[in-house]
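The block underneath contains the structure these notes are about, expressed in C-alpha cells.
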Amino acid sequence: MSVIYLLISISILIAIGFFIAFITAVKTGQYDDDYTPSVRMLFDDELLKSTKFKNTVENNEEKELDV
Amino acid sequence: MDTQNCFHCGLIIVKAEEIIFDEKKFCCNGCKTVYEIFSLNDLTCYYDFEKSPGATPQDINGKYDFLDNESIVSKLLEFKENSTAIISLNIPHIHCSSCIWILENLQRLQKGISSSQVNFPEKKVRITYNPEEVSIKTIVYLLSSIGYEPYISLENYETGTSNVDRSLTYKLGVAFFCFGNIMLLSFPEYFEVKEYWLDQYRGFFRWLIFALALPSFFYSASGYYVSAFKSIRSKMLNIDIPIALGIVVMFVRSTFDIVMDYGSGFFDSLTGLIFFMLLGKMFQIKTYSFLSFERDFKSYFPIAITKINSDSLEESVPIYEVEKGDRLLIRNQELIPVDGILISEKAEIDYSFVTGEAIPITKKSGDKVFAGGKQIGKVIEMEVLHSVSQSYLTQLWSNDVFQKNVVQKHKTITDRISRYFTPILLLIAFSGFGYWIFIDANIAFNVFTAVLIVACPCALALTAPFTFGNVLRILGKQKFYLKNALVIEQLAKVDTIVFDKTGTITTNKKSNISYEGEILSDEYLLLIKNVLRASNHPLSRMLYDYLPISILPNKSANDAKKWRVDAFEEITGRGMEALIFGHQIQIGSADFLEKTEENKLQQTSVHIKINGVYYGKFIFNNQYREGLASLFKNLSSGYQIKILSGDNEGERATLEQLLPKGTELIFNQKPEQKLEFIKNLQDKGNNVMMVGDGLNDAGALAQSNVGISISENVNVFSPACDAILDANEFQKLNYFLKLSKNSITTIKMSFALSLLYNVVGLAFAITGNLLPLVAAIIMPLSTITIVSFVTVMSSYYANKK
C-alpha cells in the first residue's frame, strides 16, 4: 500500500511544476497586458508580395526625406 | 456604406472638400495620404477590423527636431546596443484592434524596425529598431504621418525600466496552491473513513498538510502581520489585528493538534481564509493603466525646446538646461515652458491651462510671458527670465499639498468597525476561557483558540473590497474613473461641492455666439465671413465657424473672383479692416470702431461696422454643459454648491439664472487662491469635493477631500486628482454620488450579515464544539454569501437611477 506515498508525491510534484510555470509567467510580465494578445491572435499573417514590398519601402524613404 | 463619413477617420465630410481616391471618400488630404501609404504597402487590412479607425495626421513640422539631439534620445530609450534599440512610445490615439494591427506591422512600412508590440491598456507601443538604419526621428515622423502621433513630454525624460510590483499576484498564487492541495488532502479526514489504510497513512497526510500550510502562513499572509503590527504601534485598531490574531492562533492550535495527534487541525480553513482575503484585495485593485492620477506639470511640458544660439543657429535643448538670458523659439501650439520676455512683435497666448480664461491674450514685444501659456499663431522669440524650476507655474508645485506622501488621514469604514470589534472579540475569548478554566483546563484552551479562530473577521474584511471593487468597475464602465477604492468612501462623505467654471461647467468646444444690433442682410453676412476667412485670430475663427452661410454659393471661377478680398489690414489686438466687393468692412473691438460703449458686463464681443455705419456686435458667451441646471438643482438639495472661477465676472448674471439660489459665486481666483479657498472650507469642518479641469485647478484638486478632474478626452491629460470624469458624463455626477452613498449602505448591511455568521460560529466555539469540519463549512459559506450579497446589492443600486 505504500504506493500512496508515491502517488501523492507525484501529484504534489506536478502541482509544484504548474505553480512554478505560473510564477515564471507572472515574472516575465505575461499577465501585465491581458487585452492585446487576445486581439493579436485573431490577425491573419496576411500575404505579402515581396517585390512590391521592397519597392514601397524605398518609396517611403524618399518620402521621409521630403519631409 | 455610409458615404457621408470619411473612410479613414470617420468624420463627416464637408461636400466642398471631399476627396475621392480609389473609390473611397476622404474628408481631407491627410486622411487620403494615410490611406495611400497603407494601400501601397498592402496594409489596407487596417480598415477591415474597425470602421474608420484612423486619425487625421497633424502637421508636425519641426516639432520633433529635438530628436536629433543624441543626449535627449538616449534618455528616452529603454535599451540600446550597437544595432538594437528599444523605445516605448505613448500614443493616445490607440483605441481599437485596427490600431493594434497597424502598429504591430510597422516593420512593413519602415526598414530598420524589427518588431513592434502594442500594450493596449497602457496605450503604448514598444518598438525594437536598428539605430544604424533608422533614426528615432524617422520613426516618430512615420507614426505621425499615419495618424499615430506619439506623445513625448518631460515625464518621459529619464524613464528607467519601472519596477512593477507583482508581489500580490505571487502571494495569491502561493495561497491558492496551498489551499487547493490542502483541501484535497483533507478529504479523508472530513469523511472520517475508518478504513485501515487511511488510518495507517494519517500521519503522512497531516504532516504533508502542515508542510503545505507553511508557505501560505509565512509568505502569503505576511502582509497582515506587518499591517497589524503597524496599527498596534500607532495605537489604531484596524481590521488586520483580529485577522492576524486569528491566523496565528489558528496556525499554533493546528500545529499543536497535529503534534499531539488530537486531530487534523484547521489548516484547510486557514489557507482558504488567506486565499479569499488576498482575492478580495486583488479584486479591489482596479487600475486604469492608461490613465494617470499623479500628473504634474511634467506631463504637460515638452521635453525640449528650440534655443537660438548667439550665432543665431537653432538648437534643441532639454528643458532643464534652459537658463536665464537664453533666447527661445516657440512655435504654433507649443507650450511656453519658462517665464520670459517677448521679443517678437506680437503673440497670441492661450492661458486657459493656467487661468481658465478661454480667450487668448495678446502680448506685445517687451511684455512678460508666463510659463504655461500656449502659443497660437506665428513663431515667436522670447528671452528667458527664470529657469524652469523657478517659473510661476512650477512654483505652484512646491506647495505642500503636492508633497503629500502623507499616510491617509481618514479611517476606512472597516477600520472604524474594527475599533469596536477587536475589544469585544478579546473580551468574549477571555470570558470563555475564564468560564471553562474552572471546569476543564483543556477545554478552556480549546474554547479560547476556537473563539479567536471562528471570529476571525474574514467576511468582514471581504465586504469592503468586494463592494468597492464592484462599484469601481461599474463607475469605470460609465466613464468615471476612480484612483482607488478609498475614493468611494470619501465621495459618500462629501457635503460641499466646489466647481471650477471654465472647462468644467462650460465646454471648451464651442462658444455660444449671439448677435445684438441691427439685422445684417445675407449679403453682408457673406461679406463678413469672407473677411474673417483671412484672419487667424481665435475669435475670428470661432465667428467664421458660427456664421451659417456657405462661403461660396457657386463654385464657378467668376463668383470666386467676385468674393475676393481687395484690401485687408489686421491691427493686432484691435481688429481688422477690409475692402471687399466695394464695401468697406471693419470688424474688431469697440475701441477700434470708435464706439464708446458701457462694457459693464465685460463680455467678449466683436463689433461690426460696414461702410462706416455701426451695425452691432457678436457676443461670445460660454456654452454651459448639457443638463447643468437640473444637475445643480438635484445637487443643491443635499450639498452646498460653490463656483470658483479664474475668469472675470462677465458671466455672473447668466450663472445666477442657471444655478439654484444661494449658490456662492467667486470670480477672479488665482490657482493659489483656489487652494486657499478649499482649505478654509475644510477648516470649517466641511468635506469638500472639487470639480475642475486644467492645471489652474491642480492645487485645489490636491487640497480637496475628493478632487475630480473633468476631461473632454480621458485618453489625454488631466492634472493630479482622485478621479477622472469623462466630460460627456458630467450630468451624471449626482448619480455617482448617490451610488457611492449606497455602496456604504451595502457595506453596513453586509457587516450585519457577517456579524451574524460570527455569532453562529461563536456559539459553536464557546460551547467547545468547534470541529475542523464545522469551521471548514462556515468559513467558505460566509465568504460566498457575503461576496454574492454585496455584488448583487451594488449592481442593484447601480441600475437604480
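Cβ coordinates come from backbone N, Cα and C, glycine included.
Keep in mind that what you see is a predicted model, and the values were worked out from it rather than measured.
What TrEMBL records for this protein:
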DOMAIN    B:85-151  domain 'HMA'
TRANSMEM  B:168-187  transmembrane segment
TRANSMEM  B:207-227  transmembrane segment
TRANSMEM  B:239-256  transmembrane segment
TRANSMEM  B:262-280  transmembrane segment
TRANSMEM  B:420-439  transmembrane segment
TRANSMEM  B:445-472  transmembrane segment
TRANSMEM  B:747-767  transmembrane segment
TRANSMEM  B:773-798  transmembrane segment
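Counting same-chain residues at least six beyond the ends of the transmembrane segment (B:207-227), those with a Cβ under 8 angstroms from any Cβ of the stretch are 171-172, 174-175, 177-179, 181-182, 185-186, 238, 240, 243-244, 247-248, 251, 254-255, 258, 264-265, 267-268, 270-271, 274-275, 277-278.
Looking at the domain 'HMA' (B:85-151) alone, the prediction's average pLDDT is 83.
Listed as Cβ neighbours of the transmembrane segment (B:262-280) (distance under 8 Å, sequence separation of 6 or more from its ends, same chain) are residues 168, 171-172, 175-176, 178-179, 182-183, 186, 189, 205-206, 209-210, 212-213, 216-217, 220-221, 224, 243, 246-247, 250-251, 253-256, 453, 456, 458, 461-462, 465-466, 469, 772, 775-776, 779-780, 783. The transmembrane segment (B:445-472) makes no contact with the transmembrane segment (B:168-187): fewer than 3 of their CB pairs lie within 8 A, with pairs spaced 6 or more apart in sequence. Remote same-chain residues near the transmembrane segment (B:773-798) are listed as 186, 190, 266, 268-269, 272-273, 276, 453-454, 458-459, 462-463, 466-467, 470-471, 474, 739, 742-743, 745-747, 749-750, 753-754, 757, 760-761, 764 (criterion: CB distance under 8 Å, separation of at least six residues from the stretch ends). The list of residues near the transmembrane segment (B:168-187) in space but at least 6 beyond its ends in sequence, with Cβ under 8 angstroms from a Cβ of it, reads 205, 208-209, 212-213, 215-216, 219-223, 264, 267-268, 271-272, 274-275, 278-279, 281-282, 285, 776. Long-range contacts of the transmembrane segment (B:747-767) within the same chain: residues 413, 417, 428, 432, 447, 450-451, 453-455, 457, 459-460, 462-464, 467, 774-775, 778, 781-782, 785-786, 789-790, 793, each at least 6 residues beyond the stretch ends and with a Cβ under 8 Å from a Cβ of the stretch. Sequence-remote contacts of a segment are chain residues at least 6 beyond its ends whose Cβ falls under 8 Å from one of its Cβ atoms, and for the transmembrane segment (B:239-256) they are 210, 213, 217, 221, 224-225, 227-229, 231-232, 262, 264-267, 269-270, 273-274, 277, 414-415, 417-418, 421-422, 425, 449, 452-453, 455-458, 460-461. Remark: secondary structure over the domain 'HMA' (B:85-151) totals 20 helix, 19 strand, 28 coil, with classes taken from DSSP.
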